[in-house]
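A.B. asks: This is the structure I want to talk about, given as structure tokens.
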Amino acid sequence: MLFRSLLSTAVLAVSLCTDNASAAKHGRFGQKARDAMNIAKRSANAVKHSLKIPVEDYQFLNNKTKPYRVESLPDVHFDLGEMYSGLVPIEKGNVSRSLFFVFQPTIGEPVDEITIWLNGGPGCSSLEAFLQENGRFVWQPGTYQPVENPYSWVNLTNVLWVDQPVGTGFSLGVPTATSEEEIAEDFVKFFKNWQQIFGIKNFKIYVTGESYAGRYVPYISAAFLDQNDTEHFNLKGALAYDPCIGQFDYVQEEAPVVPFVQKNNALFNFNASFLAELESIHEQCGYKDFIDQYLVFPASGVQPPKAMNWSDPTCDVYDIVNNAVLDPNPCFNPYEINEMCPILWDVLGFPTEVDYLPAGASIYFDRADVKRAMHAPNITWSECSVESVFVGGDGGPEQEGDYSANPIEHVLPQVIEGTNRVLIGNGDYDMVILTNGTLLSIQNMTWNGKLGFDTAPSTPINIDIPDLMYNEVFIENGYDPQGGQGVMGIQHYERGLMWAETFQSGHMQPQFQPRVSYRHLEWLLGRRDTL
């Protein structure tokens, strides 16, 4: 999950009561949450219900892993299967700096591979994805209780969710990082220690994530390649959804937002005069010329460095849009623009871009019984950290105190060239990282000897996976069984990089379009040649 301030300073001060000291802790990229929170070896189909696996058949249960085993979870009224969670130190013997993990081995035929998932933020817990995106069960906002996830990534592979960097979720330690290189160095140490506990060697490794993890994933993947150690770091591919890979505020948000509104105005409901005002800003601030020149195939050339002038709000068309849309739709969610009122109860306390918990409700992972069951430390858990996980002030390309270069400049090309199996995807209903902004970033990246894609993406993604989540309900109500979704996106592959545009999906693609995300993972793992 990726966060930034979407409201003007005046509106924040009045309606969210955010003081300057709090706002100064985070850059534009990460402030949003804090304002409110103060060809396959095997094939595997999506499944509705899994068979219970006897404990004696658990693949990774041994004397070292036994203390991490999770036997049950509160409010989960079905068998968890093989599951582990807890803390593993970054440096052996120093438990004061430890990362928290959840590990769910595949429920199918055993595979010698690990798929790592990282949420973004920066500072947002990967337990969000575990519980609401791609874990073995999901508890979505507005739903009564957890249910089995027929499109869980655990159907296909062994999945490891990690709260990182230090200061995120249940992880322990005082943040010290000012760069992605430091975070990747910590993760390399943690991951090797984790593998030694679980007796893992010579596994294929895939690194995945979303949002600000568009920075984590390439840097950690590149660090794995740099280890030159296939026993522990045999990187075979990477995936990043709605990722911060290029210049975030100008290229991935501000420049493409007006065309985005024009395309989706049935959801924004802006009148003709306001649309004309937006179009005028789009042209006068140079965004139209920038898109016309650089969002072309093949790439027209290296894009000039761009940065927003935050002292002059005239060209901050993104915030103008986000403020205005709250009038026709007070429950507008930039993570998924088709959401309308009411704001749904969310067991993680973050249903849209605002912190919301009804009276009498509790945050699931902050419950004492849940912490005990998951071997978690007795600290306050929040979906995103209140304090910054970087200590570089408001510097760096995203004003988060993270001074590393944007991934398109070096590490992402390195990972593509080192694996020839990288997927970058964007959801068309995401207004936090916009689809055309991500494409603009790709068109400014040189990999395997060429700049950008030569050809505009156009090949459809046809999803023939049936509806396994809700089919029983529809059948009970007299409807015919629901089949595949049909065309749900656009794919394009060149020189080791797969582009995937997902229709009707917001920022968290495994949550909003789980069948499409399942197909993406099949490709990443080498189970398919195309999407």
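Placed from the backbone N, Cα and C atoms, the Cβ positions cover glycine too.
Just lifted these from Swiss-Prot, have a look:
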| type | residues | note |
| --- | --- | --- |
| ACT_SITE | Ser211 | active site |
| ACT_SITE | Asp430 | active site |
| ACT_SITE | His507 | active site |
| CARBOHYD | Asn20 | N-linked glycosylation site |
| CARBOHYD | Asn63 | N-linked glycosylation site |
| CARBOHYD | Asn94 | N-linked glycosylation site |
| CARBOHYD | Asn155 | N-linked glycosylation site |
| CARBOHYD | Asn228 | N-linked glycosylation site |
| CARBOHYD | Asn271 | N-linked glycosylation site |
| CARBOHYD | Asn309 | N-linked glycosylation site |
| CARBOHYD | Asn378 | N-linked glycosylation site |
| CARBOHYD | Asn436 | N-linked glycosylation site |
| CARBOHYD | Asn444 | N-linked glycosylation site |
| SIGNAL | 1-25 | signal peptide |
A.B. asks: Distance between Asn378 (N-linked glycosylation site) and Asn94 (N-linked glycosylation site) at the Cα atoms, whole Å?
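C.D. replies: Given the Cα positions, Asn378 (N-linked glycosylation site) is 18 Å from Asn94 (N-linked glycosylation site).
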A.B. asks: Say you check the Cα of Asn444 (N-linked glycosylation site) against those of the active-site residues Ser211, Asp430, His507; which is nearest?
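C.D. replies: In terms of Cα distance, Asn444 (N-linked glycosylation site) lies closest to Ser211.
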A.B. asks: Asn94 (N-linked glycosylation site) to Asn63 (N-linked glycosylation site): how many Å between their Cα atoms?
C.D. replies: 21
A.B. asks: At the Cα level, what's the spacing in Å between Asn63 (N-linked glycosylation site) and His507 (active site), rounded?
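C.D. replies: If we compare the Cα positions of Asn63 (N-linked glycosylation site) and His507 (active site), the gap is 40 Å.
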A.B. asks: With H, G and I counted as helix, E and B as strand and the rest as coil, say where DSSP puts Asn94 (N-linked glycosylation site).
C.D. replies: strand
A.B. asks: Measuring Cα to Cα, how many Å separate Asn228 (N-linked glycosylation site) from Asn436 (N-linked glycosylation site)?
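C.D. replies: Asn436 (N-linked glycosylation site) has its Cα 35 Å from the Cα of Asn228 (N-linked glycosylation site).
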A.B. asks: Rounded to an integer, what is the Cα-Cα distance in Å between Asp430 (active site) and Ser211 (active site)?
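C.D. replies: Distance (Cα to Cα, whole Å): 11 Å.
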A.B. asks: Of Asn155, Ser211, Asn271, which of the recorded positions has the most Cβ neighbours inside 10 Å?
C.D. replies: Ser211
A.B. asks: Hey, how far is Asn436 (N-linked glycosylation site) from His507 (active site), Cα to Cα, in Å?
C.D. replies: 14
A.B. asks: What are the sequence-distant neighbours of Asn309 (N-linked glycosylation site), meaning same chain, six or more residues apart, C-beta distance under 8 angstroms?
C.D. replies: Cys315
A.B. asks: I'm trying to understand the geometry here, so how far is the Cα atom of Asn155 (N-linked glycosylation site) from the Cα atom of Asn271 (N-linked glycosylation site), in Å to the nearest whole number?
C.D. replies: 46
A.B. asks: May I ask for the distance between His507 (active site) and Ser211 (active site), taken between their Cα atoms and rounded to an integer number of Å?
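C.D. replies: His507 (active site) to Ser211 (active site), Cα-Cα distance: 8 Å.
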A.B. asks: Need the DSSP three-state call for Asn155 (N-linked glycosylation site) to compare against my parser.
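C.D. replies: Note: Asn155 (N-linked glycosylation site) is helical by DSSP.
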